[in-house]
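Copied from TrEMBL, the annotated features are:
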type     : residues  : note
TRANSMEM : A:7-26    : transmembrane segment
TRANSMEM : A:38-58   : transmembrane segment
TRANSMEM : A:70-89   : transmembrane segment
TRANSMEM : A:101-122 : transmembrane segment
TRANSMEM : A:129-154 : transmembrane segment
TRANSMEM : A:177-196 : transmembrane segment
TRANSMEM : A:223-249 : transmembrane segment
TRANSMEM : A:261-279 : transmembrane segment
TRANSMEM : A:286-310 : transmembrane segment
(Lines of atoms letter the chains of each structure in order from A and count residues from 1; the text may use other names and numbers.)
(Lines give C-alpha, C1' and ligand atoms only; values in the text may rest on other atoms or scores of the structure.)
Protein backbone atom coordinates (compact mmCIF):
# COMPACT_ATOMS: atom_id res chain seq x y z
CA UNK A 1 0.00 0.00 0.00
CA UNK A 2 1.61 3.30 -0.96
CA UNK A 3 0.98 6.63 0.65
CA UNK A 4 -1.66 7.68 -1.85
CA UNK A 5 -3.88 4.70 -1.08
CA UNK A 6 -3.30 5.25 2.60
CA UNK A 7 -4.43 8.85 2.32
CA UNK A 8 -7.61 7.70 0.56
CA UNK A 9 -8.10 5.20 3.33
CA UNK A 10 -7.82 7.92 5.96
CA UNK A 11 -10.28 10.08 4.03
CA UNK A 12 -12.77 7.20 3.89
CA UNK A 13 -12.28 6.56 7.60
CA UNK A 14 -12.96 10.17 8.53
CA UNK A 15 -16.10 10.23 6.40
CA UNK A 16 -17.32 7.05 8.11
CA UNK A 17 -16.63 8.48 11.56
CA UNK A 18 -18.34 11.75 10.74
CA UNK A 19 -21.40 9.88 9.43
CA UNK A 20 -21.46 7.68 12.52
CA UNK A 21 -21.26 10.78 14.66
CA UNK A 22 -23.99 12.59 12.74
CA UNK A 23 -26.52 9.89 12.08
CA UNK A 24 -26.44 7.30 14.84
CA UNK A 25 -28.26 7.43 18.14
CA UNK A 26 -30.80 10.02 17.13
CA UNK A 27 -33.74 10.13 19.47
CA UNK A 28 -36.28 12.91 19.45
CA UNK A 29 -36.18 15.96 17.26
CA UNK A 30 -33.69 14.87 14.60
CA UNK A 31 -33.62 18.20 12.84
CA UNK A 32 -32.40 19.98 15.97
CA UNK A 33 -29.96 17.23 16.89
CA UNK A 34 -28.52 17.12 13.41
CA UNK A 35 -28.01 20.86 13.42
CA UNK A 36 -26.18 20.81 16.75
CA UNK A 37 -24.03 17.92 15.64
CA UNK A 38 -23.13 19.58 12.37
CA UNK A 39 -21.80 22.58 14.28
CA UNK A 40 -19.80 20.29 16.49
CA UNK A 41 -18.31 18.45 13.53
CA UNK A 42 -17.51 21.74 11.84
CA UNK A 43 -15.69 22.97 14.94
CA UNK A 44 -13.80 19.70 15.18
CA UNK A 45 -12.71 19.81 11.54
CA UNK A 46 -11.68 23.42 11.87
CA UNK A 47 -9.53 22.99 14.96
CA UNK A 48 -8.26 19.55 14.02
CA UNK A 49 -7.09 20.68 10.60
CA UNK A 50 -5.52 23.92 11.77
CA UNK A 51 -3.63 22.29 14.62
CA UNK A 52 -2.42 19.48 12.35
CA UNK A 53 -1.26 21.88 9.64
CA UNK A 54 0.44 24.19 12.13
CA UNK A 55 2.30 21.33 13.77
CA UNK A 56 3.53 19.70 10.57
CA UNK A 57 4.70 23.04 9.16
CA UNK A 58 6.39 23.86 12.44
CA UNK A 59 8.16 20.53 12.61
CA UNK A 60 9.39 20.95 9.05
CA UNK A 61 10.80 24.37 9.85
CA UNK A 62 12.48 23.18 13.03
CA UNK A 63 13.48 19.87 11.43
CA UNK A 64 12.42 18.14 14.56
CA UNK A 65 9.58 15.74 15.12
CA UNK A 66 9.23 16.09 18.86
CA UNK A 67 8.40 19.78 19.01
CA UNK A 68 5.02 21.42 18.78
CA UNK A 69 4.00 25.06 18.36
CA UNK A 70 1.59 24.62 21.25
CA UNK A 71 4.51 25.12 23.62
CA UNK A 72 5.19 28.63 22.35
CA UNK A 73 3.34 29.91 25.39
CA UNK A 74 0.04 30.54 23.62
CA UNK A 75 -1.90 28.01 25.69
CA UNK A 76 -0.68 29.60 28.89
CA UNK A 77 -1.56 33.03 27.58
CA UNK A 78 -5.09 31.86 26.75
CA UNK A 79 -5.52 30.56 30.28
CA UNK A 80 -4.09 33.74 31.74
CA UNK A 81 -6.51 35.93 29.80
CA UNK A 82 -9.49 33.85 30.84
CA UNK A 83 -8.43 33.57 34.47
CA UNK A 84 -7.72 37.27 34.56
CA UNK A 85 -11.16 38.19 33.19
CA UNK A 86 -12.91 35.94 35.68
CA UNK A 87 -10.69 37.06 38.53
CA UNK A 88 -11.14 40.76 37.91
CA UNK A 89 -14.64 41.06 36.48
CA UNK A 90 -16.26 37.86 37.69
CA UNK A 91 -17.73 35.12 35.56
CA UNK A 92 -20.87 37.07 34.69
CA UNK A 93 -18.88 39.38 32.43
CA UNK A 94 -17.63 36.40 30.53
CA UNK A 95 -21.12 35.11 29.89
CA UNK A 96 -22.77 38.46 29.24
CA UNK A 97 -20.40 40.11 26.77
CA UNK A 98 -20.66 39.43 23.09
CA UNK A 99 -18.96 36.15 22.19
CA UNK A 100 -17.63 37.50 18.91
CA UNK A 101 -15.91 40.40 20.60
CA UNK A 102 -14.46 38.12 23.23
CA UNK A 103 -13.14 35.80 20.56
CA UNK A 104 -11.59 38.60 18.53
CA UNK A 105 -9.98 40.19 21.59
CA UNK A 106 -8.46 36.90 22.72
CA UNK A 107 -7.20 36.02 19.24
CA UNK A 108 -5.79 39.52 18.83
CA UNK A 109 -3.91 39.39 22.12
CA UNK A 110 -2.47 35.97 21.29
CA UNK A 111 -1.33 36.98 17.81
CA UNK A 112 0.09 40.20 19.19
CA UNK A 113 2.03 38.25 21.78
CA UNK A 114 3.57 35.87 19.26
CA UNK A 115 4.33 38.80 16.97
CA UNK A 116 6.21 40.53 19.78
CA UNK A 117 8.06 37.34 20.62
CA UNK A 118 9.14 36.84 17.01
CA UNK A 119 10.06 40.48 16.61
CA UNK A 120 12.20 40.42 19.72
CA UNK A 121 14.12 37.38 18.62
CA UNK A 122 14.43 38.02 14.92
CA UNK A 123 15.71 41.50 15.60
CA UNK A 124 18.66 39.88 17.32
CA UNK A 125 19.24 37.93 14.15
CA UNK A 126 18.61 34.75 15.99
CA UNK A 127 19.28 31.66 13.92
CA UNK A 128 18.47 29.15 16.61
CA UNK A 129 14.76 28.43 16.58
CA UNK A 130 15.04 26.33 19.74
CA UNK A 131 15.99 29.52 21.46
CA UNK A 132 12.72 31.08 20.38
CA UNK A 133 10.82 28.07 21.64
CA UNK A 134 12.59 27.99 24.99
CA UNK A 135 11.96 31.70 25.58
CA UNK A 136 8.31 31.21 24.59
CA UNK A 137 8.08 28.29 26.95
CA UNK A 138 9.58 30.20 29.88
CA UNK A 139 7.24 33.11 29.30
CA UNK A 140 4.48 30.50 29.26
CA UNK A 141 5.58 29.27 32.69
CA UNK A 142 5.58 32.86 33.82
CA UNK A 143 1.95 33.20 32.69
CA UNK A 144 1.12 29.90 34.38
CA UNK A 145 2.48 31.21 37.68
CA UNK A 146 0.14 34.17 37.46
CA UNK A 147 -2.87 32.11 36.44
CA UNK A 148 -2.44 29.54 39.16
CA UNK A 149 -2.03 32.31 41.70
CA UNK A 150 -5.35 33.83 40.65
CA UNK A 151 -7.00 30.42 40.37
CA UNK A 152 -6.18 29.70 43.99
CA UNK A 153 -7.81 32.93 45.11
CA UNK A 154 -10.94 32.47 43.02
CA UNK A 155 -14.12 31.29 44.66
CA UNK A 156 -14.63 27.56 43.90
CA UNK A 157 -17.83 28.24 41.92
CA UNK A 158 -16.06 30.69 39.69
CA UNK A 159 -13.15 28.28 39.46
CA UNK A 160 -15.52 25.78 37.88
CA UNK A 161 -15.85 28.20 34.97
CA UNK A 162 -12.09 28.63 34.71
CA UNK A 163 -11.77 24.86 34.75
CA UNK A 164 -14.21 24.56 31.88
CA UNK A 165 -11.93 26.84 29.91
CA UNK A 166 -8.85 24.85 30.87
CA UNK A 167 -9.90 21.91 28.76
CA UNK A 168 -10.84 22.11 25.15
CA UNK A 169 -14.46 21.28 24.56
CA UNK A 170 -16.58 20.98 21.44
CA UNK A 171 -19.82 20.85 23.31
CA UNK A 172 -20.83 24.46 23.58
CA UNK A 173 -19.65 25.95 20.36
CA UNK A 174 -21.14 29.33 19.69
CA UNK A 175 -22.33 29.36 16.08
CA UNK A 176 -21.51 33.03 15.42
CA UNK A 177 -17.96 32.56 16.63
CA UNK A 178 -17.68 29.40 14.56
CA UNK A 179 -18.50 31.34 11.41
CA UNK A 180 -16.00 34.03 12.27
CA UNK A 181 -13.28 31.48 13.01
CA UNK A 182 -14.00 29.67 9.73
CA UNK A 183 -13.58 32.87 7.77
CA UNK A 184 -10.34 33.72 9.56
CA UNK A 185 -8.91 30.24 9.07
CA UNK A 186 -9.79 30.20 5.39
CA UNK A 187 -8.06 33.55 4.92
CA UNK A 188 -4.98 32.23 6.72
CA UNK A 189 -4.99 29.11 4.57
CA UNK A 190 -5.13 31.22 1.43
CA UNK A 191 -2.04 33.01 2.67
CA UNK A 192 -0.48 29.65 3.46
CA UNK A 193 -1.04 28.45 -0.13
CA UNK A 194 1.56 30.96 -1.30
CA UNK A 195 4.23 29.32 0.83
CA UNK A 196 3.07 25.74 0.56
CA UNK A 197 5.36 24.93 -2.37
CA UNK A 198 8.49 25.69 -0.33
CA UNK A 199 7.81 23.10 2.36
CA UNK A 200 9.35 20.13 0.55
CA UNK A 201 12.51 22.15 0.02
CA UNK A 202 12.57 23.52 3.57
CA UNK A 203 12.55 19.95 4.83
CA UNK A 204 16.00 19.49 3.32
CA UNK A 205 17.42 21.94 5.82
CA UNK A 206 18.52 25.54 5.79
CA UNK A 207 21.68 25.14 3.72
CA UNK A 208 20.12 23.05 0.98
CA UNK A 209 17.06 25.27 0.83
CA UNK A 210 19.16 28.39 0.36
CA UNK A 211 21.27 26.58 -2.20
CA UNK A 212 18.15 25.71 -4.15
CA UNK A 213 17.17 29.36 -4.26
CA UNK A 214 14.66 29.70 -1.45
CA UNK A 215 14.79 32.90 0.57
CA UNK A 216 14.92 30.83 3.72
CA UNK A 217 14.59 33.49 6.43
CA UNK A 218 11.78 35.28 4.63
CA UNK A 219 9.74 32.12 4.08
CA UNK A 220 10.34 30.78 7.56
CA UNK A 221 9.26 34.01 9.22
CA UNK A 222 6.03 34.09 7.20
CA UNK A 223 5.33 30.46 7.96
CA UNK A 224 5.92 31.01 11.69
CA UNK A 225 3.39 33.82 11.65
CA UNK A 226 0.87 31.55 9.92
CA UNK A 227 1.52 28.85 12.52
CA UNK A 228 0.91 31.34 15.33
CA UNK A 229 -2.34 32.54 13.76
CA UNK A 230 -3.65 29.01 13.27
CA UNK A 231 -2.85 27.99 16.84
CA UNK A 232 -4.32 31.19 18.26
CA UNK A 233 -7.60 30.81 16.41
CA UNK A 234 -8.07 27.16 17.25
CA UNK A 235 -7.17 27.70 20.91
CA UNK A 236 -9.49 30.66 21.24
CA UNK A 237 -12.28 28.68 19.59
CA UNK A 238 -12.26 25.52 21.70
CA UNK A 239 -9.48 25.79 24.29
CA UNK A 240 -6.02 24.30 24.59
CA UNK A 241 -5.25 20.79 23.29
CA UNK A 242 -1.50 20.93 23.70
CA UNK A 243 -0.44 17.51 22.50
CA UNK A 244 -2.92 16.83 19.72
CA UNK A 245 -0.57 18.21 17.07
CA UNK A 246 2.34 16.14 18.30
CA UNK A 247 0.23 13.00 18.23
CA UNK A 248 -1.27 13.41 14.77
CA UNK A 249 1.85 14.66 13.00
CA UNK A 250 3.92 11.74 14.23
CA UNK A 251 1.19 9.25 13.42
CA UNK A 252 1.09 10.73 9.92
CA UNK A 253 4.85 10.32 9.44
CA UNK A 254 4.74 6.77 10.74
CA UNK A 255 1.72 5.75 8.73
CA UNK A 256 2.38 7.46 5.40
CA UNK A 257 6.17 7.12 5.35
CA UNK A 258 6.58 9.87 2.81
CA UNK A 259 8.31 13.22 2.74
CA UNK A 260 5.91 14.93 0.37
CA UNK A 261 4.16 17.65 2.27
CA UNK A 262 0.98 17.56 0.29
CA UNK A 263 0.27 14.06 1.60
CA UNK A 264 1.75 14.71 5.03
CA UNK A 265 -0.44 17.76 5.61
CA UNK A 266 -3.50 16.02 4.25
CA UNK A 267 -2.79 12.84 6.23
CA UNK A 268 -2.15 14.67 9.49
CA UNK A 269 -5.35 16.69 9.08
CA UNK A 270 -7.39 13.56 8.37
CA UNK A 271 -5.88 11.68 11.32
CA UNK A 272 -6.68 14.69 13.46
CA UNK A 273 -10.31 14.64 12.33
CA UNK A 274 -10.55 10.87 12.89
CA UNK A 275 -9.03 11.18 16.36
CA UNK A 276 -11.26 14.05 17.42
CA UNK A 277 -14.52 12.75 15.97
CA UNK A 278 -13.77 9.23 17.16
CA UNK A 279 -12.77 10.56 20.55
CA UNK A 280 -15.87 12.68 20.79
CA UNK A 281 -17.99 9.62 19.91
CA UNK A 282 -16.33 7.65 22.68
CA UNK A 283 -16.64 10.46 25.21
CA UNK A 284 -20.25 11.26 24.38
CA UNK A 285 -21.72 7.84 23.79
CA UNK A 286 -19.56 5.50 25.86
CA UNK A 287 -18.28 7.52 28.81
CA UNK A 288 -21.32 9.79 28.58
CA UNK A 289 -19.35 12.95 29.34
CA UNK A 290 -17.67 11.83 32.55
CA UNK A 291 -14.42 13.08 31.12
CA UNK A 292 -13.16 15.66 28.66
CA UNK A 293 -11.82 14.78 25.22
CA UNK A 294 -8.84 17.10 25.46
CA UNK A 295 -7.72 15.54 28.71
CA UNK A 296 -7.78 12.10 27.08
CA UNK A 297 -6.00 13.36 23.96
CA UNK A 298 -3.31 15.04 26.03
CA UNK A 299 -2.92 11.86 28.04
CA UNK A 300 -2.55 9.64 24.96
CA UNK A 301 -0.39 12.22 23.19
CA UNK A 302 1.83 12.47 26.23
CA UNK A 303 2.32 8.74 26.59
CA UNK A 304 3.01 8.48 22.85
CA UNK A 305 5.59 11.27 23.15
CA UNK A 306 7.48 9.42 25.88
CA UNK A 307 7.35 6.27 23.75
CA UNK A 308 8.75 8.24 20.79
CA UNK A 309 11.62 9.53 22.88
CA UNK A 310 12.52 6.11 24.16
CA UNK A 311 11.96 4.09 21.02
CA UNK A 312 14.84 1.83 20.13
CA UNK A 313 17.23 2.64 17.32
CA UNK A 314 16.43 6.24 17.06
CA UNK A 315 18.12 9.33 18.24
CA UNK A 316 16.87 12.85 18.05
CA UNK B 1 31.33 37.91 46.77
CA UNK B 2 33.01 36.29 49.72
CA UNK B 3 31.30 33.57 51.63
CA UNK B 4 31.25 35.59 54.85
CA UNK B 5 29.42 38.47 53.18
CA UNK B 6 26.85 36.03 51.89
CA UNK B 7 26.46 34.64 55.38
CA UNK B 8 26.03 38.13 56.79
CA UNK B 9 23.28 38.89 54.26
CA UNK B 10 21.62 35.58 55.11
CA UNK B 11 21.60 36.40 58.83
CA UNK B 12 20.22 39.89 58.31
CA UNK B 13 17.47 38.61 56.01
CA UNK B 14 16.64 35.84 58.49
CA UNK B 15 16.16 38.38 61.26
CA UNK B 16 13.94 40.49 59.02
CA UNK B 17 11.97 37.40 58.11
CA UNK B 18 11.41 36.58 61.77
CA UNK B 19 10.07 40.00 62.61
CA UNK B 20 7.69 40.82 59.80
CA UNK B 21 4.17 39.57 59.69
CA UNK B 22 0.66 40.47 60.68
CA UNK B 23 1.25 39.95 64.40
CA UNK B 24 3.57 42.62 65.61
CA UNK B 25 6.81 41.38 67.10
CA UNK B 26 9.68 43.81 67.06
CA UNK B 27 13.36 43.14 67.59
CA UNK B 28 13.22 45.18 70.79
CA UNK B 29 10.82 42.71 72.35
CA UNK B 30 13.21 39.84 72.00
CA UNK B 31 14.21 39.79 75.68
CA UNK B 32 10.76 40.25 77.13
CA UNK B 33 8.44 38.34 74.84
CA UNK B 34 4.87 37.79 75.91
CA UNK B 35 3.58 34.24 75.78
CA UNK B 36 1.62 34.96 72.67
CA UNK B 37 4.57 36.44 70.84
CA UNK B 38 6.71 33.52 71.90
CA UNK B 39 4.13 31.14 70.59
CA UNK B 40 3.95 32.87 67.22
CA UNK B 41 7.69 32.68 66.91
CA UNK B 42 7.88 29.01 67.76
CA UNK B 43 4.81 27.78 65.91
CA UNK B 44 4.99 29.90 62.77
CA UNK B 45 7.93 32.22 62.23
CA UNK B 46 10.84 29.93 63.10
CA UNK B 47 9.48 26.89 61.21
CA UNK B 48 8.91 29.17 58.25
CA UNK B 49 12.45 30.51 58.37
CA UNK B 50 13.92 27.03 58.67
CA UNK B 51 11.90 25.62 55.82
CA UNK B 52 12.81 28.59 53.61
CA UNK B 53 16.52 28.17 54.28
CA UNK B 54 16.50 24.39 53.91
CA UNK B 55 14.40 24.31 50.75
CA UNK B 56 16.31 27.17 49.12
CA UNK B 57 19.67 25.63 49.86
CA UNK B 58 18.75 22.05 49.01
CA UNK B 59 16.92 22.76 45.75
CA UNK B 60 19.87 24.83 44.57
CA UNK B 61 22.23 21.99 45.42
CA UNK B 62 19.95 19.53 43.64
CA UNK B 63 20.16 21.70 40.54
CA UNK B 64 23.93 21.96 40.85
CA UNK B 65 24.31 18.17 41.07
CA UNK B 66 22.07 17.65 38.04
CA UNK B 67 23.98 20.21 36.00
CA UNK B 68 27.26 18.68 36.94
CA UNK B 69 26.18 15.13 36.11
CA UNK B 70 24.45 15.96 32.84
CA UNK B 71 27.09 18.48 31.76
CA UNK B 72 24.39 20.93 30.81
CA UNK B 73 23.93 24.29 32.48
CA UNK B 74 20.20 24.36 31.86
CA UNK B 75 19.20 21.11 33.54
CA UNK B 76 17.47 21.35 36.92
CA UNK B 77 14.55 19.80 38.80
CA UNK B 78 12.23 22.17 36.91
CA UNK B 79 13.70 21.72 33.45
CA UNK B 80 14.01 17.94 33.71
CA UNK B 81 10.46 17.25 34.82
CA UNK B 82 11.53 16.03 38.28
CA UNK B 83 9.13 18.42 40.02
CA UNK B 84 6.23 17.30 37.86
CA UNK B 85 7.02 13.66 38.49
CA UNK B 86 7.04 14.32 42.23
CA UNK B 87 3.67 16.05 41.90
CA UNK B 88 2.26 13.12 39.96
CA UNK B 89 3.58 10.84 42.70
CA UNK B 90 1.81 12.80 45.42
CA UNK B 91 -1.41 12.74 43.41
CA UNK B 92 -1.16 8.99 42.89
CA UNK B 93 -0.54 8.54 46.62
CA UNK B 94 -3.64 10.62 47.36
CA UNK B 95 -5.84 8.63 45.02
CA UNK B 96 -4.56 5.11 45.55
CA UNK B 97 -3.71 5.21 49.26
CA UNK B 98 -6.36 7.62 50.40
CA UNK B 99 -5.46 7.69 54.08
CA UNK B 100 -1.72 7.81 53.52
CA UNK B 101 0.39 9.73 55.99
CA UNK B 102 2.98 12.21 54.82
CA UNK B 103 5.81 9.68 55.04
CA UNK B 104 4.18 7.25 52.66
CA UNK B 105 3.19 10.13 50.33
CA UNK B 106 6.81 11.20 50.47
CA UNK B 107 7.90 7.69 49.55
CA UNK B 108 5.61 7.48 46.51
CA UNK B 109 6.65 10.96 45.42
CA UNK B 110 10.28 9.97 45.80
CA UNK B 111 9.83 6.83 43.70
CA UNK B 112 8.16 8.86 40.94
CA UNK B 113 10.74 11.63 41.06
CA UNK B 114 13.57 9.12 40.91
CA UNK B 115 12.02 7.19 38.04
CA UNK B 116 11.40 10.48 36.21
CA UNK B 117 14.96 11.66 36.66
CA UNK B 118 16.31 8.36 35.39
CA UNK B 119 13.94 8.57 32.43
CA UNK B 120 15.25 12.03 31.64
CA UNK B 121 18.87 10.90 31.85
CA UNK B 122 17.99 7.99 29.57
CA UNK B 123 16.47 10.42 27.08
CA UNK B 124 19.60 12.58 27.29
CA UNK B 125 21.68 9.62 26.15
CA UNK B 126 19.34 9.20 23.20
CA UNK B 127 19.55 12.78 22.07
CA UNK B 128 22.11 12.96 19.35
CA UNK B 129 21.68 16.67 18.92
CA UNK B 130 23.26 17.90 22.15
CA UNK B 131 22.33 21.52 21.76
CA UNK B 132 22.45 23.14 25.20
CA UNK B 133 19.11 24.80 24.53
CA UNK B 134 17.35 21.82 23.05
CA UNK B 135 17.83 19.69 26.17
CA UNK B 136 15.93 21.87 28.66
CA UNK B 137 13.24 22.19 26.01
CA UNK B 138 12.80 18.42 25.92
CA UNK B 139 12.85 18.35 29.72
CA UNK B 140 10.21 21.03 30.02
CA UNK B 141 8.03 19.24 27.50
CA UNK B 142 8.45 16.02 29.43
CA UNK B 143 7.40 17.89 32.55
CA UNK B 144 4.37 19.31 30.79
CA UNK B 145 3.36 15.87 29.60
CA UNK B 146 3.71 14.42 33.06
CA UNK B 147 1.52 17.17 34.45
CA UNK B 148 -1.04 16.55 31.72
CA UNK B 149 -1.08 12.92 32.86
CA UNK B 150 -1.53 14.18 36.43
CA UNK B 151 -4.36 16.40 35.18
CA UNK B 152 -6.02 13.37 33.64
CA UNK B 153 -6.18 11.63 37.01
CA UNK B 154 -6.99 14.81 38.91
CA UNK B 155 -9.88 15.56 36.56
CA UNK B 156 -11.32 12.10 37.07
CA UNK B 157 -11.28 12.62 40.82
CA UNK B 158 -12.24 16.29 40.83
CA UNK B 159 -8.96 17.28 42.44
CA UNK B 160 -7.89 19.99 39.99
CA UNK B 161 -8.24 22.98 42.27
CA UNK B 162 -6.78 20.89 45.07
CA UNK B 163 -3.51 20.04 43.38
CA UNK B 164 -3.16 23.48 41.96
CA UNK B 165 -3.70 25.08 45.33
CA UNK B 166 -1.51 23.12 47.70
CA UNK B 167 1.21 22.03 45.38
CA UNK B 168 1.92 25.60 44.44
CA UNK B 169 4.91 26.66 46.51
CA UNK B 170 3.77 28.62 49.53
CA UNK B 171 5.47 29.15 52.86
CA UNK B 172 2.44 30.60 54.61
CA UNK B 173 1.10 27.09 55.20
CA UNK B 174 4.22 26.08 57.12
CA UNK B 175 3.48 25.55 60.79
CA UNK B 176 5.20 23.61 63.52
CA UNK B 177 4.28 19.97 63.07
CA UNK B 178 3.74 19.91 59.31
CA UNK B 179 7.11 20.84 57.87
CA UNK B 180 9.56 18.53 59.63
CA UNK B 181 9.80 16.24 56.60
CA UNK B 182 12.00 18.83 54.98
CA UNK B 183 14.82 17.94 57.35
CA UNK B 184 15.46 14.87 55.20
CA UNK B 185 17.40 17.25 52.97
CA UNK B 186 19.90 18.26 55.62
CA UNK B 187 21.92 15.01 55.81
CA UNK B 188 21.69 14.82 52.00
CA UNK B 189 23.49 18.13 51.75
CA UNK B 190 26.36 16.70 53.79
CA UNK B 191 26.51 13.61 51.60
CA UNK B 192 26.57 15.89 48.56
CA UNK B 193 29.49 17.75 50.10
CA UNK B 194 31.40 14.53 50.77
CA UNK B 195 30.86 13.35 47.21
CA UNK B 196 31.45 16.74 45.58
CA UNK B 197 34.78 15.76 44.03
CA UNK B 198 33.33 12.55 42.68
CA UNK B 199 30.40 14.40 41.09
CA UNK B 200 32.84 16.78 39.45
CA UNK B 201 34.77 13.86 37.99
CA UNK B 202 31.60 12.05 36.91
CA UNK B 203 30.63 15.24 35.11
CA UNK B 204 33.66 14.83 32.88
CA UNK B 205 32.15 11.80 31.20
CA UNK B 206 31.86 8.08 31.70
CA UNK B 207 35.11 7.04 30.03
CA UNK B 208 37.18 9.70 31.70
CA UNK B 209 35.89 8.97 35.17
CA UNK B 210 36.33 5.23 34.72
CA UNK B 211 39.89 5.93 33.67
CA UNK B 212 40.39 7.70 36.97
CA UNK B 213 39.07 4.68 38.83
CA UNK B 214 35.66 6.05 39.71
CA UNK B 215 32.62 3.82 39.95
CA UNK B 216 30.71 6.00 37.48
CA UNK B 217 27.29 4.33 37.63
CA UNK B 218 27.26 4.30 41.41
CA UNK B 219 28.16 7.98 41.70
CA UNK B 220 25.58 9.04 39.12
CA UNK B 221 22.89 6.96 40.80
CA UNK B 222 23.73 8.43 44.19
CA UNK B 223 23.52 11.93 42.73
CA UNK B 224 20.13 11.26 41.18
CA UNK B 225 18.79 9.71 44.39
CA UNK B 226 19.84 12.82 46.32
CA UNK B 227 18.12 15.02 43.73
CA UNK B 228 14.92 12.99 43.82
CA UNK B 229 14.78 12.91 47.63
CA UNK B 230 15.35 16.65 47.95
CA UNK B 231 12.81 17.48 45.25
CA UNK B 232 10.07 15.24 46.61
CA UNK B 233 10.50 16.42 50.20
CA UNK B 234 10.33 20.07 49.14
CA UNK B 235 7.36 19.56 46.81
CA UNK B 236 5.48 17.73 49.55
CA UNK B 237 6.11 20.24 52.35
CA UNK B 238 6.32 23.57 50.54
CA UNK B 239 5.12 22.93 47.00
CA UNK B 240 6.60 23.56 43.60
CA UNK B 241 9.22 26.33 43.46
CA UNK B 242 10.14 26.79 39.80
CA UNK B 243 13.57 27.59 38.32
CA UNK B 244 15.37 27.81 41.66
CA UNK B 245 17.70 24.89 40.97
CA UNK B 246 18.50 26.38 37.60
CA UNK B 247 19.36 29.99 38.24
CA UNK B 248 21.28 29.83 41.52
CA UNK B 249 24.00 27.38 40.37
CA UNK B 250 24.37 29.33 37.14
CA UNK B 251 24.83 32.63 38.91
CA UNK B 252 27.37 31.06 41.25
CA UNK B 253 29.30 29.39 38.46
CA UNK B 254 29.67 32.73 36.68
CA UNK B 255 32.03 33.88 39.39
CA UNK B 256 33.01 30.66 41.11
CA UNK B 257 33.75 28.25 38.25
CA UNK B 258 32.62 24.67 37.91
CA UNK B 259 34.51 22.86 40.65
CA UNK B 260 31.74 21.48 42.82
CA UNK B 261 33.68 21.56 46.06
CA UNK B 262 34.21 25.31 45.69
CA UNK B 263 30.73 26.15 44.55
CA UNK B 264 28.60 23.97 46.86
CA UNK B 265 28.63 26.24 49.89
CA UNK B 266 28.04 29.54 48.03
CA UNK B 267 25.28 27.86 45.99
CA UNK B 268 23.52 26.68 49.12
CA UNK B 269 23.81 30.06 50.86
CA UNK B 270 22.81 32.06 47.81
CA UNK B 271 19.83 29.75 47.25
CA UNK B 272 18.66 30.33 50.81
CA UNK B 273 19.19 34.11 50.44
CA UNK B 274 17.25 34.22 47.18
CA UNK B 275 14.25 32.33 48.56
CA UNK B 276 14.30 34.40 51.75
CA UNK B 277 14.41 37.59 49.74
CA UNK B 278 11.54 36.49 47.49
CA UNK B 279 9.53 35.40 50.51
CA UNK B 280 10.00 38.72 52.29
CA UNK B 281 9.08 40.52 49.09
CA UNK B 282 5.92 38.42 48.75
CA UNK B 283 4.96 39.22 52.33
CA UNK B 284 5.51 42.94 52.00
CA UNK B 285 4.05 43.83 48.59
CA UNK B 286 0.38 43.35 49.37
CA UNK B 287 0.70 43.44 53.18
CA UNK B 288 -1.20 42.15 55.16
CA UNK B 289 -1.85 39.51 52.48
CA UNK B 290 0.81 37.34 50.94
CA UNK B 291 1.95 36.43 47.46
CA UNK B 292 2.98 32.75 47.37
CA UNK B 293 6.64 31.97 46.83
CA UNK B 294 5.79 30.11 43.64
CA UNK B 295 4.79 33.37 42.02
CA UNK B 296 7.62 35.57 43.27
CA UNK B 297 10.31 33.02 42.48
CA UNK B 298 8.53 32.16 39.22
CA UNK B 299 8.49 35.78 38.05
CA UNK B 300 11.98 36.76 39.18
CA UNK B 301 13.38 33.34 38.30
CA UNK B 302 12.04 33.28 34.76
CA UNK B 303 13.39 36.78 34.17
CA UNK B 304 16.85 35.68 35.36
CA UNK B 305 16.61 32.51 33.27
CA UNK B 306 15.86 34.53 30.15
CA UNK B 307 18.75 36.84 31.01
CA UNK B 308 21.09 33.86 31.36
CA UNK B 309 19.96 32.52 28.00
CA UNK B 310 20.45 35.85 26.26
CA UNK B 311 23.82 36.24 27.92
CA UNK B 312 24.93 32.84 26.74
CA UNK B 313 23.63 33.49 23.26
CA UNK B 314 25.49 36.78 23.05
CA UNK B 315 28.81 35.12 23.75
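Cβ atoms here come from the backbone N, Cα and C positions, even for glycine.
Note that TrEMBL annotation is computational and uncurated.
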(message) With Cβ-Cβ distances below 8 Å as the criterion, list the same-chain residues six or more beyond the ends of the transmembrane segment (A:129-154) that contact it, or say none.
(response) 61-62, 67, 71-77, 79-80, 83-84, 86-87, 114, 117-118, 121, 162
(request) For the transmembrane segment (A:261-279), find every same-chain residue at least 6 residues outside the stretch whose CB is under 8 Å from a CB in it, and list them. (result) 3-4, 6-7, 10-11, 13-14, 17-18, 21, 41, 44-45, 47-49, 51-53, 55-57, 60, 170, 196, 199-200, 203, 244, 247-249, 251-253, 255, 293, 296-297
(request) Please indicate, using numbers and ranges, the residues of the same chain that are 6 or more beyond the transmembrane segment (A:7-26) and have a C-beta under 8 Å from a C-beta there. (result) 1, 33-34, 37-38, 40-41, 255-256, 263, 266-267, 270-271, 273-274, 277-278, 280-281, 285
